[in-house]
Amino acid sequence: MCGIVGAVDRRDVTSLLTEGLRRLEYRGYDSCGIAVLQQGALRRVRSVARVANLAAEVAAANLSGMIGIAHTRWATHGAPVAKNAHPIFSSGEIAIVHNGIIENHESLREELQAHGYVFESDTDTEVVAHLIHRMWTEQAAQGAKDLLCAVRHALERLHGAYAIAVFARNDPGRVIGARAGSPLVVGLGEQGNYLASDVMALAGAVENFIYLEEGDIAELTLDGVRLVDRSGHAVQRDIKVHRASTHSVELGPYRHYMHKEIFEQPNVIADAIERVDTISADLFGQGARHAFREIDSVLIVACGTSYYAGMTAKYWLESLAKVATQVEVASEYRYRSSVANPNTLVVVVSQSGETADTLAALKHAQTQGHRHTLTVCNVASSTMMRQAEFQHLTSAGPEIGVASTKAFTTQLVALFLLALTLSKQRGRLPAAQEATFLDQLHRLPGKLNSVLALEAQIIAWAETFARTDHALFLGRGLHYPIALEGALKLKEISYVHAEAYPAGELKHGPLALVTSQMPVVAVAPNDALLDKLKSNLQEVRARSGQLYVFADADSRIASGDGLHVIRMPEHYGSLSPILHVVPLQLLAYHTACARGTDVDKPRNLAKSVTVE
Ligand code: AGP
């Protein structure tokens with residue numbers, strides 16, 4: 001989603017800003033821009049093309065300056081056209097970039113228009129620019145100009161979420177940053193000080209960071225950084241060292257990050273379980289041992305792929321630990337009037353740890369009276385990790401492709417460990433069973449490699465899927481969420497319309513869609529529901545549907561007329577979903593490649609959805 005970079009430096013900042021935007025591209029955007037203070041004037045370049053084009057335009061326009069701000073925009077208010085791209089200016093005096101949504105922008109717009117401000121964009125951000133300008137000129141009239149103070153008073157008028165970076169034409173040595181609801185970090189360097197919405201933007205440039213807290217406002221100059229809270233009182237925040245591995249954001253021999261990330265799964269899962277030699281609540285942080293004993297149920301809240309990880313975990317938690325589990329989409333839960341049980345463990349699952357709906361759901365659960373909360377997340381420094389009582393880092397490493405792959409399988413590993421932990425605490429995990437599960441976990445990377453070896457067969461299927469406009473995915477039980485995830489992957493990167501159903505539901509409606517033109521993908525592990533699934537597949541064949549089945553080696557399903565089978569390894573028990581999702585990731589990936597879509601940055605989508 002939107003990205004921010006800002007800088008005060010002893011050198012020209014344009015290349016640092018454009019490189020920062022390049023590093024934020026993975027979040028998804030539809031326009032970008034950069035503004036600097038050059039020879040006493042605000043200058044900017046904005047583009048609806050890629051950051052690479054913006055960099056070329058910046059060079060062509062001879063843009064340079066020692067302070068500046070830059071932005072990648074994912075449109076919310078106002079179409080993705082140049083006039084709505086950030087930085088947004090007010091009266092040639094104030095420049096601002098903004099992530100988030102200002103909910104009361106309409107009333108503020110009317111108020112500012114009444115004061116003579118003329119709006120040039122359709123964005124909610126422009127009201128913030130004009131508000132700051134208004135405060136700034138009011139201060140000037142009283143002979144007391146303080147940009148931080150002007151920003152702080154403007155922010156008092158806003159309802160909604162924001163991370164902003166601001167500078168003023170008349171205040172050449174200062175950039176102001178502020179956050180409420182959207183992340184923002186300060187990078188501390190030897191040549192200057194910087195702002196970014198994500199540490200990744202400053203990877204390689206600085207290693208010392210301050211993670212701003214809710215309501216914090218930062219003033220960056222060459223001499224240092226001053227922090228105040230929303231009331232203007234000075235605050236201190238810890239400096240954290242973050243040595244970003246530039247290696248992990250390089251593509252290497254792969255064409256796309258998604259492909260690279262699919263193939264990283266054996267290694268990242270091996271890393272995630274390397275030190276797990278016994279099942280213990282300590283895997284979830286200090287104090288979890290005691291708190292987990294108190295809980296009598298689990299509520300998992302998440303969005304998108306992370307929600308499907310939660311759905312899979314429900315099966316594990318209820319079958320292995322016998323702990324009643326509910327799973328809810330975060331954007332629904334946060335606005336639903338629910339009955340809080342203080343003995344419920346609320347688990348939020350998120351790759352980024354910044355998804356606005358999931359973060360709001362976590363806060364909502366806490367205000368509703370849920371005492372125990374756990375974040376399962378891939379970003380150690382994220383807001384969700386800081387907000388919850390307990391934490392578990394999934395250790396997948398940076399995931400750049402918008403379509404989540406390795407984050408999903410590592411979430412599944414983490415949630416499986418949670419189910420085993422609760423099971424052990426409740427005396428339901430005999431030592432021999434624990435040893436068997438641990439052994440299966442440690443052999444999982446090898447099994448994943450054998451699934452990845454099926455790629456050539458999947459590429460052949462992808463040729464067919466690239467020519468279709470619709471597909472159905474079927475699964476049962478523990479593999480129904482995997483069918484949902486397969487359909488989501490296909491939709492989001494190849495734009496093929498795909499729906500997933502529990503196979504037993506087919507006859508209650510979706511069977512009407514089945515014709516000889518409809519590919520139907522079935523996830524067919526050799527589990528207790530296999531015979532039921534086979535009957536469901538017969539229902540499809542009887543209507544001439546084309547079946548594409550991922551069948552365990554021991555599931556006795558053979559290819560035949562209209563029945564295409566790719567043979568998976570032998571059934572892998574409770575961990576089978578982690579194997580079965582991988583061919584679906586590859587099918588979506590190769591279908592998207594065959595259709596020539598922008599695999600890593602699919603249209604309309606963002607990596608981290610930091611607005612509602
Ligand atoms: C997955 O492929 C999607 N891009 C999306 O559904 C994602 O899982 C969702 O937005 C949640 O993100 P999070 O895990 O960072 O919270």
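Placed from the backbone N, Cα and C atoms, the Cβ positions cover glycine too.
Features as listed in TrEMBL:
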{"type": "ACT_SITE", "residues": "C2", "note": "active site, nucleophile"}
{"type": "ACT_SITE", "residues": "K607", "note": "active site, for Fru-6P isomerization activity"}
{"type": "DOMAIN", "residues": "2-223", "note": "domain 'Glutamine amidotransferase type-2'"}
{"type": "DOMAIN", "residues": "288-428", "note": "domain 'SIS'"}
{"type": "DOMAIN", "residues": "461-602", "note": "domain 'SIS'"}
**Request:** Sorry to bug you, but what's the C-alpha spacing from the residue listed as 'active site, for Fru-6P isomerization activity' to C2 (active site, nucleophile), rounded to the closest Å?
**Result:** 10
**Complete:** Across the domain 'SIS' (288-428), DSSP labelling yields 66 helix, 29 strand, 46 coil
**Message:** Quick check on the active-site residues: of C2, K607, whose CB has the lowest count of neighbouring CB atoms inside 10 Å?
**Reply:** K607
**Prompt:** By the DSSP assignment reduced to helix, strand and coil, which category contains K607 (active site, for Fru-6P isomerization activity)?
**Reply:** coil
